[in-house]
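Lifted from TrEMBL, the feature list:
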BINDING   Gly73, Val76, Asn80, Asn335, Leu464, Ser468  Na(+) binding site
TRANSMEM  67-85  transmembrane segment
TRANSMEM  97-118  transmembrane segment
TRANSMEM  139-167  transmembrane segment
TRANSMEM  225-244  transmembrane segment
TRANSMEM  256-276  transmembrane segment
TRANSMEM  296-317  transmembrane segment
TRANSMEM  329-350  transmembrane segment
TRANSMEM  452-478  transmembrane segment
TRANSMEM  490-509  transmembrane segment
TRANSMEM  521-542  transmembrane segment
TRANSMEM  562-588  transmembrane segment
TRANSMEM  608-633  transmembrane segment
Amino acid sequence: MRKNSKVTQREHTSEHVTESVADLLAHEAPLDYKNSSLNVGGVPGKKIVLEPPENDGRPAWNSKLQYILAQVGFSVGLGNVWRFPYLCQKNGGGAYLVPYFILLVLIGVPLFFLELAVGQKIRRGSIGVWNYVCPQLGGIGVSSLMVCGFVGLYYNVIIGWSIFYFFQSFQYPLPWAECPIRRNGSLAIVEPECEKSSATTYFWYRQTLNTTSTIADSGGLNVKMTLSLLVAWIIVCLAVIRGIASSGKVMYFSSLFPYVVLFCFLVRGLLLKGAVDGIAHMFTPKMLEPQVWREAATQVFFALGLGFGGVIAFSSYNKIDNNCHFDAVLVSFINFVTSILATLVVFAVLGFKANLMNEKCVMENGEKILGYLNSNVLSHDLIPPHVNFSQLSTVDYAEIYAVIKTVKEGSFAELSLDPCVLEDELNKSVQGTGLAFIAFTEAMTHFPASPFWSVMFFFMLINLGLGSMIGTMTGITTPVLDTYKVQKELFTVCCCIIAFFCGLLFVQRSGNYFVTMFDDYSAGLPLTVVVILENVSVAWIYGTKRFMQDLEDMLGFRPHAFYFYMWKYVSPCCLIVLITATVIEMAISPPGYNAWVEELAQERFQSYPPWALAMCFSLIVVAMLPLPVVFIARYFNLMSDGSNNVQIISNYVPAPDHPLKEESTHDVFRVVGEEAQ
């Protein structure tokens, strides 16, 4: 279509141009798209038929429920089960919920609403959306895609670990219930590495990962983990191969099943001895420190999947008049409630485990005291007459411990007695793989019918991970499929194959250390930068007033002024503070990892070698590199602005009382046909 073609409609003659969505959203006069047609270049009989964006042949969700489940499945992931409870335990118990909820309202809901709205309005993936909103910041979409790629590589490895444990759970007793016995002729001894740690810890580090002691020693591929990773990528590929047509159906199960398991675990956990102690510990307020706000903001940020592109991609398949404000509030609320539910389950089970460990501590130290009594190291007069060592309670032990500590003050340290305080066990912070594959599995070995609960738990982890992986893969495939005309199935299969081979880095014997590296460096800072640029491009470059007007036209009502001030001022300021705090934290914290030392049977912190340190910062640079590259290339007109992938026709008639520079429009129309006979 030629730029100087003339159009006639309703006795108005104006010049129409093919523009980017950001420019078109500046025009104001709506068009009767159902009955309109445009003559092209004065050629008689040749017309352009305009239809609303919903009719552009783009796939759509079968139902609103399917879409909501997809967004819930993407946002509710493994972090809700093993990251949020840890932060709650570490940062003030129930008091942590206050800053988390405040930041969810100030940052989470407004930015989640923003991503839903731009995806639904422009109906493109992350690359297309930011190309049209602000072409010079089009690198935002590419950076989102890069981060999705990095995260997807190691996230699916965690699903592979869960798959391995899932299949290992179909046996009784569970393989991590007891330490293995090493036989040397007629002599049978407990595996030393297991005896120094625990059965579940040994199974995780030695029999599952078979980990090396340093990141520099790759140790070769772990065959069991390689096969598990292959199965994980096959499952993901089958789930996303047909886009939302296949992933939408998977979400009905993968999004709902984890809630069934969580409720079952909550009921079972509340019936366990010590569960109330764990939950009471969770809700006991403690002093809040400044870094709590930073960690709460980071958790809100990642809990909703902001910046990954999955939220925008899912939303782009909606009808343009869908109430995305309701969706943003609903999904954010479900995410918050899920985190609390998961925390209740975790603390109930860990309370049970803490009681078991405390009883074991009392029994072992009681035997020590009996030995000291029999060898006359301690006097029988120190023991209260009501104490029965065959059934020594924690209260009785605490009384004995206090008496001995007072009487033997000078030589008490030589007795090597432990205080065996339940609070100390509850205060042991466990997160991530340590929570799922060590602490929780150890607690489940003491459940009646433990294999059943283990199968349910790891099947839940697989589904939680699958929901997030579907969103991550959609954040990769949708922008590319929108930009380039490639076959969806072939492109998806190629992505999964390439990702599997790249993922072999994480299934070496040292692979666990690379998972930690990618988790720490590949997403945190780049995603924060991506989201603040999203916020700035909409609120300050495109214009908050114009965006609010677009939302009113799209939704049929004007969102509350609260969002105007959040997008314009509060959210950008919060994100700048978060970026600053993240950079400072990275600068003052020595980069390193916790390595498993076989000889000591425990973890030791080790600094990254120079090549690994270079790899850490390369992840950050590569993820953020598209931002300056695209900006410079478009600033100097070295590449197109990306808006020519979708041709949009504007019939521009400014409002009589509206200055030209403040133009806005009520709708955007897409060219969907060329000939009218």
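Using N, Cα and C of the backbone, Cβ positions are placed for all residues, glycine too.
Residues 68, 71-72, 75-76, 80-82, 84-85, 88-89, 97, 100-101, 104, 108-109, 112-113, 259, 262-263, 265-266, 269-270, 272, 275, 278-279, 281-282, 303-304, 426, 430, 435, 439-440, 443-444 of the same chain lie 6+ residues outside the transmembrane segment (329-350) yet bring a C-beta within less than 8 angstroms of a C-beta in it. Per-stretch counts of Cβ pairs under 8 Å to the transmembrane segment (608-633) identify 139-167 as the leading one among 97-118, 139-167, 296-317, 521-542. A contact between the transmembrane segment (521-542) and the transmembrane segment (562-588) is present, since 3 or more of their C-beta pairs, 6 or more residues apart, lie under 8 Å.
For Asn80 (Na(+) binding site), the same-chain residues that are 6 or more apart in sequence and have a Cβ closer than 8 Å to its Cβ are Ala303, Asn335, Thr338, Ser339, Ala342, Leu464.
The most densely surrounded of the binding-site residues Asn335, Ser468, judged by C-beta neighbours within 10 angstroms, is Ser468. Compute the center of the Cβ atoms of Gly73, Val76, Asn80, Asn335, Leu464, Ser468, which mark the site for Na(+); besides them, the chain residues with Cβ within 8 Å of that center are Val72, Phe74, Ser75, Gly77, Leu78, Gly79, Ser255, Pro258, Thr338, Gly467. Around the Cβ of Gly73 (Na(+) binding site), 28 further Cβ atoms fall within 10 Å across all displayed protein chains. Its Cβ taken as reference, Val76 (Na(+) binding site) is surrounded by 26 other Cβ atoms within 10 Å in the chains shown. For the transmembrane segment (97-118), same-chain residues at least 6 beyond its ends with a Cβ under 8 Å from one of its own Cβ atoms are 88, 129, 133, 288, 292-293, 296-297, 299-301, 303-304, 306, 311-312, 315, 324-325, 327-329, 331-332, 336, 340, 531, 534-535, 538, 547, 550-551, 554, 559, 563, 566-567, 570-571, 574-575. Of the candidate ranges 225-244, 452-478, 490-509, 562-588, 452-478 has the most C-beta pairs within less than 8 angstroms of the transmembrane segment (296-317).
The transmembrane segment (490-509) is in contact with the transmembrane segment (139-167), judged by 3+ CB-CB distances under 8 Å for residue pairs 6 or more apart in sequence. The largest share of C-beta pairs under 8 angstroms with the transmembrane segment (452-478) comes from 139-167, of the ranges 139-167, 225-244, 256-276, 562-588. Non-local neighbours of the transmembrane segment (256-276) in the same chain are 69, 76, 338, 341-342, 344-345, 348-349, 351-356, 422, 447, 453, 456-457, 459-460, 463-464; each lies 6+ residues outside the stretch with a CB under 8 Å from one of its CB atoms. Leu464 (Na(+) binding site) has a Cβ environment of 29 other Cβ atoms inside 10 Å.
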